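According to TrEMBL, the active site, schiff-base intermediate with D-ribose 5-phosphate annotation covers B:Lys83. Residues or ranges marked as D-ribose 5-phosphate binding site in TrEMBL: B:Asp26, B:Gly155, B:Gly216, B:Gly237, B:Ser238. According to TrEMBL, the feature D-glyceraldehyde 3-phosphate binding site maps to B:Arg167. Residues annotated as domain 'PdxS/SNZ N-terminal' in TrEMBL: B:9-214.
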Amino acid sequence: MKIGILALQGAVSEHLTMLNQLDVDPVLVKNESDLTGLNGLIIPGGESTTIARLMHLNQLMEPIKLRAKQGLPMMGTCAGLIILAQHIHEQSDVHLGILNVTVSRNAFGRQRDSFEQLITVKGLEEAFPAVFIRAPLVEDIGEDVEVLATVDHQIVAVKQGQLIGLSFHPELTSDVRFHQLFVENCRSVNKNI
Amino acid sequence: MNNKALGTQRVKRGMAEMQKGGVIMDVVNAEEAKIAEAAGAVAVMALERVPADIRADGGVARMADPKIVEEVMQAVSIPVMAKARIGHVVEARILEAMGVDYIDESEVLTPADETFHIAKGDFTVPFVCGARNIGEALRRIGEGASMIRTKGEPGTGNIVEAVRHMRTMQRQIRQIANLSSDELMHQAKEWNAPYELLREVHTHGNLPVVNFAAGGVATPADAALMMHLGADGVFVGSGIFKSEQPEKFARAIVLATTHYQDYGKLVELSKGIGQPMTGIEISQIEPDDRMQERGW
């Protein structure tokens, strides 16, 4: 099974380290041709404005949008969540616009407000060590969106069909459970492959 | 850990990891910051004068006026870094209190302390520091730096010193990885490197923090060269806004950093972007005037 990591900017090697611990073939995605034959795609943390700009300049925005509509599973962490979102608070332009949520950027404040916290996640038995870095929050969700985790009653993890969006960075921990969850998701969608 | 833990090592180093593959640009006002953000910079470094001007003007270079830093912070949504003088604990505390996202304890400014660097582990805000070799890098990490960059020779538009520093660090990392464990203490002594950190490099085969290139990057090809040599990303100081067409230059350097192995793309990126900044040959700078000699 081939799982892509959008490799334009950000924590690419950290996601690669996670996927290397699972039974999948990771693919670094820089150009449209790299999307061929993927069974899932991870959009990493980084700077969302930079990643989005590079997606446009590399003609990746429309091809990825199209694959999402065709049901390709995707997981976005931090900046990746912002890139998936349909609405961005106080910002008119959105990026992929495929995950039915409104996100608010740098919602916890600046870097000095970045933090780690053990959080309870729906579907995971033990608490998860979540690392929030200049993190976004999910302010509002559509009807078909399931909340997976909250911090102080604010939404930090969601799932909508084949899409997972996280405010935090599982790739900065040694806890592989979110990547496992995502890979299982990809497997169930691609069970004929 | 049911409560929020702020300013942890993971949060500080993680912030630098999110900048990987990106370009951090020096800016002196809100307008330049917006140009940098629009071009795809992952962060901006807010300062009063770029290194080339500091070099030309002479005198004592200090932390920027907080008003300039605040203006930049209000103008962009990407992280904002700012420089404090080596050893100037109070400049660093002022920048932290303002909410700057990263502090560069920088040799570009005139050092405030000839012996001691800032105890960076005491801060909630993360620090980046320059280094010329692995010993210097590990001493800074030992003090709490969460990100390392080559010193290069700032404000020259000449890549040779950054290349020397990056090659030296990469070679020394490979050497450490190949040592047997009973040789590590001797090597730590030879390179004036903290033993525990040297051991960590030995175990993992790389630095425990992100390592960027800085000091002399002037063209898209320079940025790509530093990525080729193993840099995690690139700082561009004078190179953008001292070039003829900053917008084009900024965008070309961002793309060259992402596609550093795609030579066909680098041809296109290097075309028709106007003159880069004027460079300085290193031998023309008296050893005492070289910024890389500041700090230890």
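The backbone N, Cα and C atoms fix where each Cβ goes, glycine too.
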Whole-number Å distance between the CA of B:Gly237 (D-ribose 5-phosphate binding site) and the CA of B:Lys83 (active site, schiff-base intermediate with D-ribose 5-phosphate)?
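Checking the Cα atoms of B:Gly237 (D-ribose 5-phosphate binding site) and B:Lys83 (active site, schiff-base intermediate with D-ribose 5-phosphate) gives a distance of 12 Å.
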Between all pairs in B:Asp26, B:Gly155, B:Gly216, B:Gly237, B:Ser238 (listed as D-ribose 5-phosphate binders), what's the biggest Cα distance, rounded to the nearest Å?
12
Quick one: pull the CA-CA distance for B:Arg167 (D-glyceraldehyde 3-phosphate binding site) versus B:Ser238 (D-ribose 5-phosphate binding site), whole Å only.
22
Pick out which of the binding-site residues B:Gly155, B:Gly216 has the most other Cβ atoms within 10 Å of its own Cβ.
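That would be B:Gly216, with the most Cβ atoms nearby.
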Which state, by DSSP, holds B:Gly155 (D-ribose 5-phosphate binding site): helix, strand or coil?
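The three-state answer is coil.
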Around the D-ribose 5-phosphate site recorded as B:Asp26, B:Gly155, B:Gly216, B:Gly237, B:Ser238, what other same-chain residues have a C-beta within 8 angstroms of the site's C-beta center?
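Along the chain, the qualifying residues are B:Val50, B:Pro51, B:Ala52, B:Val108, B:Pro154, B:Thr156, B:Gly157, B:Gly215, B:Val217, B:Val236, B:Gly239, B:Lys242, B:Met277.
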Looking only at Cβ atoms, how many others are within 10 Å of the one on B:Arg167 (D-glyceraldehyde 3-phosphate binding site)?
13
Within 10 Å of the Cβ of B:Asp26 (D-ribose 5-phosphate binding site), how many other Cβ atoms can be counted across all chains shown?
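I get 29 for this one.
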Sorry to bug you, but what's the C-alpha spacing from the residue listed as 'active site, schiff-base intermediate with D-ribose 5-phosphate' to B:Asp26 (D-ribose 5-phosphate binding site), rounded to the closest Å?
10
Quick one, of the recorded positions B:Lys83, B:Ser238, which Cβ has the fewest other Cβ within 10 Å?
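Counting other Cβ atoms within 10 Å of each of the recorded positions B:Lys83, B:Ser238 gives the minimum at B:Ser238.
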Give the distance between the Cα atoms of B:Gly155 (D-ribose 5-phosphate binding site) and the residue listed as 'active site, schiff-base intermediate with D-ribose 5-phosphate', rounded to the nearest whole Å.
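Computed Cα spacing between B:Gly155 (D-ribose 5-phosphate binding site) and the residue listed as 'active site, schiff-base intermediate with D-ribose 5-phosphate' is 15 Å.
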Within 10 Å of the Cβ of B:Gly237 (D-ribose 5-phosphate binding site), how many other Cβ atoms can be counted across all chains shown?
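Taking all protein chains shown, B:Gly237 (D-ribose 5-phosphate binding site) has 29 Cβ neighbours within 10 Å.
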Going by DSSP, is B:Ser238 (D-ribose 5-phosphate binding site) sitting in a helix, a strand, or coil?
helix
